[in-house]
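> What TrEMBL records for this protein is below:
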DOMAIN    1-301  domain 'Major facilitator superfamily (MFS) profile'
TRANSMEM  127-147  transmembrane segment
TRANSMEM  159-181  transmembrane segment
TRANSMEM  188-207  transmembrane segment
TRANSMEM  248-270  transmembrane segment
TRANSMEM  276-296  transmembrane segment
DOMAIN    361-783  domain 'Major facilitator superfamily (MFS) profile'
TRANSMEM  432-450  transmembrane segment
TRANSMEM  456-477  transmembrane segment
TRANSMEM  609-629  transmembrane segment
TRANSMEM  641-663  transmembrane segment
TRANSMEM  670-690  transmembrane segment
TRANSMEM  696-718  transmembrane segment
TRANSMEM  758-778  transmembrane segment
REGION    806-826  region 'Disordered'
């Protein structure tokens, strides 16, 4: 309806239709909702009363015409002309004798057969950038709008009146949106309303608890800003896309909006832990997308584009490097102990305020023992002599700070992902590896002397940045340092798989097992953090052992240094290197290309690499949610919390061994899909286990962790093998960035267990099975050489692509100097 009205109506009427015509009537219907609910208390009758008006739309079939623009794009000129002439006659306008130019129709005929598909939204860098930015805008605007709408029953006063006021405030919002769209540029209008809505919502936390009316007014003002933005977003988004894909683009962004509306209720639920937390999150996200809006093109006063070439250009294209990342060494244990008691008190305290009888859930950094607080009091566990929670009063109304600190660590990891990729590409893997190792160890040491929760959290964020940054170089470099994950550029194919799964991951599991042992014997959190920090000093001597990546040196034109490293490695392994390692003509070709630089937008250069990137991002994010969600959930299992944490680490050892065997002998796609199906199905099965069979529940959780851990190990090798050398670090980094988003969300998946103890397992299990299905569409890299260029990449299964003219997967497809790289271990 929105799309058809936009394409049929002229520019001035289009704005009135979108803002006043549709939205005002929506607001009126919204206002009727609380009135209906107030007088009709039976939900069946209420639902029936809200459904019957839909029947009044049936006669509109004979009134509303088809979109002439769409008919023209399909070559149906006669029908389009008839509709236009009828409209002209109704408006008292004389239509010209020839509505369509003959030459124009002739030029359009070759394009009539062209069918648009979803991937056309990523055909060019410009439309791909607009699509990604639009998806984010719709997603976060939807979270803010529906989050504030759904939170109305939680406001002070009558729920029906609050809902009615929430609807009434939309009327002036739509009027203001219409005026802004009519007289001011789209970008600044949309950005201004988002800044207003987000800024006001952030300000709510500063209002004293006694000023209830002021809080409600601020929420209404925030709803005003976000509603105005939502209204303008429909018009703005339609004007950015050409006719051929306009409907598809609006559908894609609307899907993102629906995802935001699905998540919105959980933002509201976070108010059970801190009543300001939903507003802080929604306000921050709204301000963030307000900034993002400023980079979209300006469509004010411009005609609707008909083709991709006519689209307006993005004001600024983001060019950032991202890096890879592996598992985190947990320096904290999350706890949801006493969850059943929490549910019981929720039921008993339904008429009590937020700060009274609800038993709260806390995370305790540096310990694995839960605390319970009531009326601002905390109870120190007998097992701990020093914990962050009682020391800084992270209980009751402050218990949200624990998981927030955990998320801040992962936010640091995410921020590090944005910069470390290009640092390692520019300065070398080895230099960045050791510089960021020093950063991680140094800030972790300073963290020991934290005097407040704020200081601790800031340094925790910096530790996360350093931790992910040293993984950038370690992933691509392929060293034997504990913080490495894969060996994509130094080691040969068989050793690469062995190093990834057993060399790194097994040692990670050993470190993971030591964590609960350290925590059990070292009860002071400062001493525990110090004990976890000092091993970083053991990496210093490795500077004289680990070489630079020969592939990186070659990409920089430093062929002599690369040759020296290869000859030294060959000598160490008892292999005779050939006299000429690099062909002179190959060196000349490389020299002519070495000045070429790549950005993150090169991951969207072709449909194939774009599809692989999108699928990889989704898979990494879901696996990360499952892995960290299960890891953080171990204290909630029946039995001793230290033992559960230890078992959660132990189960990873066979998982890594199995993943190594799978990578060594079976195709990548089926191996990873099977591991994901195993982990996801087992988690879904947990809800069927009777509550008294606690041991069986623990075994199933461990089996689910086994499957997801295996998949997490495989995905590092698999993703690295899919991307070519020129963007491998960036491609794996983009996936890792998605993984960090998953890790940021994972603590809140665990928190959902406060409402239903099976809900986290149902969500994580369903998403894991979904990612397993998605994996089956990725190309198979088993037995294939690493691609060096984008044209050499394997093609996604089930999709047809036009082959690039420069594709060269021939005898030169083998890795450079295969005898050296296949047989040499550094």
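Sequential numbering from 1, following the chain as shown.
Every residue, even glycine, has its Cβ placed from backbone N, Cα and C.
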> Look over the recorded stretches 188-207, 248-270, 432-450, 641-663 and say which has the most C-beta pairs under 8 A to the transmembrane segment (159-181).
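Ranked by Cβ pairs under 8 Å, first place goes to 188-207.
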> If you count Cβ pairs under 8 Å, which stretch among 127-147, 641-663, 670-690 touches the transmembrane segment (696-718) the most?
670-690
> Flag the pair the transmembrane segment (127-147) / the transmembrane segment (641-663) as in contact if three or more Cβ pairs fall under 8 Å (sequence separation 6 or more).
no
> Take the transmembrane segment (188-207) and find every residue of the same chain, 6 or more past its ends, with a Cβ under 8 Å from one of its Cβ atoms.
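Here the qualifying positions are 141, 144, 148, 176-177, 180-181, 214-215, 218-219, 221-226, 228-229, 232-233, 236, 276, 279-280, 282-291, 293-294.
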> Same chain only, please: residues at least 6 beyond the ends of the transmembrane segment (609-629) with a C-beta under 8 Å from a C-beta of the stretch. Say none if there are none.
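Same-chain contacts beyond the ends: 119, 122, 128, 327-328, 602-603, 676, 679-680, 683, 704-705, 708-709, 711-712, 715, 719, 722-723, 727, 731, 734-743, 745-747, 749-750, 760, 764, 767-768, 770-771, 774-775, 777-779, 790, 793, 796, 799.
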